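Student: Have a look at the structure that comes next, please.
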C-alpha cells in the first residue's frame, strides 16, 4: 500500500473508516441513506423532466433550477454510492487516484452550486426589481453564459485545490476518518507540510463564500427595498413567493457551509464533521427539489397537469 516516488513515498490507497465505530448502526444507516439517495435521484430527475416538458416553465428561473437539480444529482452521486458500499462490505479501501478524483468532483460541484445560487439570486433581483426588462436583461444567451461560467469556475477552483493536495506526501497513515475524501480528512493523513495547501483552500473557499454571499445579500437588499415600496398586497405576496424557495435553499446550503468552516479539525470533532458532511452531500440534494416543488405554484400545477394527462391518456 506504499509507493515510492523519488525521495518521497506516499500511500497508493486509503482506508475509509466511515461510521465503523458504530457497528450496530451500519444496516440502519444503509437503509436510511439508500432511501434518501433514491428520493434525491427521483426528485431532481422529476424537476428536470417537469421543466423540460412544460413550455410555461421555459424561463430563466427554471433554466437555472434545472441545472441546480443536475448539480444536486452529481454532488450526491460523488459520495453516496461509496458511503453505501462501505456500510455493507468489509472492504473500505479507495485508491489514491480514486480519492483525488472523488475530492475533485465533490469540490467542483459544491463550488458550482454555490455560484449557481448566486446567479439565481441575481435572476430574482431582476425579476422583482425590473420585471418589464426581465426578458431582455436575462436573455437566453446570458443564461447560457452564466451557467457555463459557474461550471468553469467550479472546475478551475477545484483543480487548484486538488493540485495542492497532489503536492503533499502521505507516508505513514493511510486511514481516513471519514466516509469520503473530504479535505480536512485527507490533510490529516499527510506527513508533509500542509501550510500551502491549507492556505490555497482557505483563500479559494473564502473567496467563493464571501463572493457568493455578497451577491446574494446585495440582490435581496434591493429586492426588500422594492417589496417595501409596492403599494398592493397582491404584488408583495407574488414577489415574496418568487423568492421564498430560493431563500430557503440558500439558508440551508450556506448555513451548513459556515458550520463546516467553524468546526475545528481535531479528533474530537471528526464525528461532527462527518455528520455535517452527510447533511451537506446527502440531505441537501434531497431537500432542494422538495423545497422548490412544495413551495412553487407553477411546478405543482405542472406536475398536477402531467399526472392528470397520464391518468386520462395512459397510452401516452
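Even glycines carry a Cβ here, placed using N, Cα and C.
Small disclaimer: the values here were computed from a predicted structure and weren't measured.
Annotations per TrEMBL:
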TRANSMEM  29-50  transmembrane segment
DOMAIN    43-292  domain 'G-protein coupled receptors family 1 profile'
TRANSMEM  100-122  transmembrane segment
TRANSMEM  142-166  transmembrane segment
TRANSMEM  210-228  transmembrane segment
TRANSMEM  240-261  transmembrane segment
TRANSMEM  273-294  transmembrane segment
Student: Any residues 6+ beyond the ends of the transmembrane segment (210-228) with a Cβ under 8 Å from its own?
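Tutor: Contacts of the transmembrane segment (210-228) (Cβ under 8 Å, skipping residues fewer than 6 from its ends): 114-115, 117-118, 121-122, 124-125, 128-129, 236, 239-240, 243, 247, 250, 254.
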Student: What is the pLDDT of the domain 'G-protein coupled receptors family 1 profile' (43-292) when averaged and given as a whole number?
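Tutor: The predicted confidence over the domain 'G-protein coupled receptors family 1 profile' (43-292), as a mean pLDDT, is 85.
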